[in-house]
Amino acid sequence: MDRPPLQHGAVCGPWEMKDRLGTGGFGNVCLYQNKETAQLIAVKSCRLELSAKNKERWCQEIQIMKRLNHPNVVKACDVPPEMDFLVNDVPHLAMEYCSGGDLRKLLNKPENCCGLKESQVLNLISDIGSGLQYLHENRIIHRDLKPENIVLLDSNGKTVHKIIDLGYAKDLDQGSLCTSFVGTLQYLAPELFENKSYSVTVDYWSFGTMVFECISGFRPFLHNMQPFTWHEKVKKKDPKHIYAYEDMSGDIRYSHNLPLPNNLCSIIREQLEIWLQLVLNWDPRNRGGGIDPQTNRPRCFLLLDNILNLKIVHVLNMTSAKILSFLLLPDENLLSLQSRIERETDINTCNQELLLEMGVSLDPRKPASQCVIDGVAEIV
């Protein structure tokens, strides 16, 4: 049976279409709300004119989605029985609704033109890194990671990032190396340009490209050029180069460092530069740093864990309006931190008053890590 056209306000039993969330290569995603329970779901419907190959890919996406269960991968749910009449020769895909929009929407905000805040970057890296590891552990390559395929959900005041759109995902049970792909060129790993065999490391490249953009506000390699143009130029880069740009004379320059300005403290910036050198390695055989023999995990994810576990306190010096960042030592006490602040600011420890961001005084009996909870301690 043919599907009726989806219109705003269309009703399927208790389900009413509230909005069209997006249109992609495979079809449309619409928001439905249950008028009785107020539940919201996103329903993805396939275009009827898709080729047989793409219909097969569509069905594969649904099969993959239904077997996944991770907080950072958007969750599939049962299509309401009232929508059965919409089904033609391919099924619908119903998913949890993430009301925060996608990462592209966040990056496009004027205040993020030079990148996201440090806390946002670290939260994103934690979420997407966790979701990506889960996919790979389940022998799935996403192959199309990009800001448009990361959606945001507010959960008790905390932003949760979720990976969506597994339409180009490849199940590794079909073979560990794959050779066919159609995807988004700006975030595509080099070997996919050349239609070579590839593995999970293609997702490392896309992830690194996306993280670089979240830090700086633009993609790492000649972002103003067409993909096929910069591909030929950037393939000459050193393995540790994470940034390529065109100078005023038209020459291509390469750098091991993140461009400034950005919102990262030097401690985090230096660690993420090392991580980006691993995931933006041109050679897929070396990308990600290989597998650590002790943990049997990719080194790039081990390094990511180490970065996320750093205890850093940002101190605003009210006398100079400058922010200082300190990497806390294990079990460091508050007096030790104050002594380090004194060396940096010449403010004697007895003249320091440390306050949390909300104005709460620090407890001298507790470890210095109490500063990390609310982010910024102010020196008055």
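Each Cβ is built from the backbone N, Cα and C atoms, and glycine gets one as well.
Note on Lys44 (ATP binding site): other Cβ atoms within 10 Å of its Cβ, all shown chains, come to 26. The ATP binding site annotation in TrEMBL covers Lys44.
The feature domain 'Protein kinase' is assigned by TrEMBL to 15-302.
Along the domain 'Protein kinase' (15-302), the predicted structure has mean pLDDT 88.
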